[in-house]
Amino acid sequence: MAGAISTLLVGVLTAVGRSDPSSRRGLGLKSALAAPLTVASLAGFWEYQVTKNVPEPYLDEVFHIPQAQAYCRWDYGTWDPKLTTPPGLYYFLPGKIYWWSHFLSIVSGFTTCNVHFLRTTNVIALTSIMMLAWKCRSLIIRAGAENRTDQSPKLISADSLHTAANIALFPPLFFFSGLYYTDVLSTCVVLYLYKQFLEQAESKNHKSWKNAAWFYLCGVLALCMRQTNIFWAAVILGGMEAVRTMKGTYRPTAPSLRHHHASSTEEYLKEVYEIIKPEHPHDPPLHAAGLEDFVLTPLSIIWNTITRLPTILIQLIPHISLLITFGAFVFINGGVVLGDKSNHVATIHLSQLLYLWPFIAFFSFPLLIPALFSFLLNSIDNILHPSKFLTSSLNTRIRALITFSLILASLLGSLAIIEYNTIIHPFTLADNRHYIFYVFRYSILRHPLIRYLLAPIYIFCFFLIFKTLSGTSPEYTSPPKKETPNKPHNPSSTSTPLLPSTPLSTLFLLLLTTALSLITAPLVEPRYFILPFIFLRLHFPTLAISTSPKINIRLYGETIWYLLINGVTGYIFLYRGFEWTQEPGKVQRFMW
């Protein structure tokens with residue numbers, strides 16, 4: 001059954017992808033509904049199999065389900081002290097169907113707030129995530145394609161729909177759609193907040209008081225799902241709102257300094273001033289960003305923030321209000337987590353930022369293949385033709401030297417983090433039901449040197465992800481060809497940037513938000529990486545539609561990759577259980 005639904009999903013996405021690219025209309029209603037319904041059917045089938053084989057609450061459900069059932073009875077005085085997250089998950093649906101629950105139980109004997117029903121709420125949430133991701137992806141692409149004539153709306157829609165389906169199939173997210181955990185609904189609310197921001201950015205209007213109040217209320221709901229959502233609601237979206245206010249748009253603006261050719265130091269400094277002056281916030285797209293831009297963009301944004309502070313603060317009222325609300329909660333509660341505080345003490349855990357990149361690279365492998373091949377071919381070319389680099393311009397060699405220095409500094413920084421900030425939480429080693437237990441056991445705990453040997457892998461994974469996120473980007477080994485005098489420039493001869501073209505400021509904000517949400521958690525869990533992955537995935541560029549085939553093989557590779565992982569992990573969870581000697585007769589199951 002699962003195989004049939006999976007095959008149907010691939011077939012639906014293929015039909016959508018083969019739609020006529022010459023059409024200037026969006027996807028039809030049938031295409032728009034078929035993929036979400038198929039994903040919902042697949043998630044529903046997964047939840048049905050979980051409930052059939054695991055009818056009783058499993059692992060963290062032992063805490064969540066009884067609490068939700070208490071709220072379903074309107075018993076708001078009951079609270080399990082072991083719960084660490086706020087009660088947003090339990091408020092979301094059960095309390096509202098209290099009277100309906102009683103009516104059904106009287107008429108048919110059906111108990112609404114049973115295990116099956118509560119798990120089904122995450123099936124609905126996963127389907128909503130797909131719809132929200134579809135909308136977000138469409139808005140992100142439209143922001144970059146506004147002035148592009150090579151982008152067919154139907155193919156843009158097909159890319160957005162397929163990307164959204166893959167996000168819904170993302171294994172750590174899809175897996176928990178069959179269980180009653182907070183992660184799926186929490187992700188859904190955060191994506192809704194992101195959609196609000198993107199819609200406001202597309203309208204190019206300042207946020208009204210009504211929109212600001214609604215954003216704040218939805219932000220509070222996100223905080224009620226999971227405390228770390230404060231970073232996604234207030235920091236990244238607040239930062240994006242500030243940059244949008246400065247530029248008047250979400251699209252990347254200002255050319256990169258890498259394409260300027262100053263003949264003197266004075267002229268170079270003049271160009272720098274023109275870039276960072278208040279009238280022109282400097283925020284180039286990643287595909288055009290040079291080394292200087294990674295310094296100039298923050299300086300430009302800081303300068304613009306100072307000069308336009310009153311206007312920016314007005315637009316950030318809902319985000320600042322969320323920060324104040326969260327601060328008040330932490331002060332009153334005496335900490336971030338609600339219960340079991342002794343096992344969830346906030347600490348600085350920088351190694352989380354290293355573990356993130358192999359995690360994303362593993363699940364994004366089909367999308368990273370072009371960047372990997374490009375790196376390999378470029379490396380082989382440099383080895384076989386060293387004179388190409390030696391005879392290049394001084395500017396090119398200086399940039400290569402700076403790049404090498406940055407890589408070396410990153411390697412040394414990673415080694416320092418590994419040496420002084422590797423934290424192994426007791427829960428990681430005590431619970432062999434989680435895959436992360438085996439990742440640690442057969443990697444950094446296998447031999448003392450292995451953790452250090454992994455440092456280059458962390459950096460290389462980040463490099464591949466950055467190159468994929470950047471899209472089209474010239475390499476220093478491939479300098480631009482000189483144009484023949486009196487020969488007209490042919491635009492088709494230059495590489496076309498891929499869509500969406502992510503602004504450099506968005507990358508900075510995403511890295512900052514990811515760091516804030518991860519480094520305070522001593523426990524390493526794949527669930528903590530879900531939001532960083534989804535935000536990155538929404539911004540991964542697609543093929544340039546003017547030169548791409550109707551079928552984007554990378555997207556289909558990603559779909560098949562996810563279906564394969566979900567099939568294997570789902571089968572292991574359902575049918576490859578084991579027993580602990582201290583708990584005979586009780587089946588333990590492997591999970592994320």
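Don't overthink the numbers, they just go from 1 along the chain as shown.
Quick reminder: no glycine exception, Cβ is built from N, Cα and C everywhere.
Taken from TrEMBL, the feature region 'Disordered' applies to 476-498. The signal peptide feature in TrEMBL is assigned to 1-19. If you look up TrEMBL, you'll see 173-194, 214-237, 312-334, 354-377, 398-418, 449-466, 504-523, 529-547, 559-578 marked as transmembrane segment.
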- So which residues does the transmembrane segment (214-237) touch in its own chain, when a touch means Cβ under 8 Å and the partner is 6 or more beyond its ends? 85-89, 91, 182-183, 185-186, 189-190, 192-194, 196-197, 207, 318-323, 325-326, 329, 336-337, 509-510, 512-513, 516-517, 520-521, 528, 531, 535
- Best-packed against the transmembrane segment (559-578), counting Cβ pairs under 8 Å over 173-194, 398-418, 449-466, is stretch 173-194
- Item | Contacting positions for the transmembrane segment (449-466) when only residues 6+ beyond its ends and CB under 8 Å are counted | 286, 354-355, 357-358, 360-361, 364, 368, 371-372, 375, 407, 410-411, 414-415, 418-419, 422, 443, 536
- With a Cβ cut-off under 8 Å, give me the same-chain residues at least six positions beyond the ends of the transmembrane segment (312-334) that come close to it. 206-207, 212-213, 215-216, 219-220, 223, 227, 230, 233-234, 237-238, 241-242, 245-246, 305
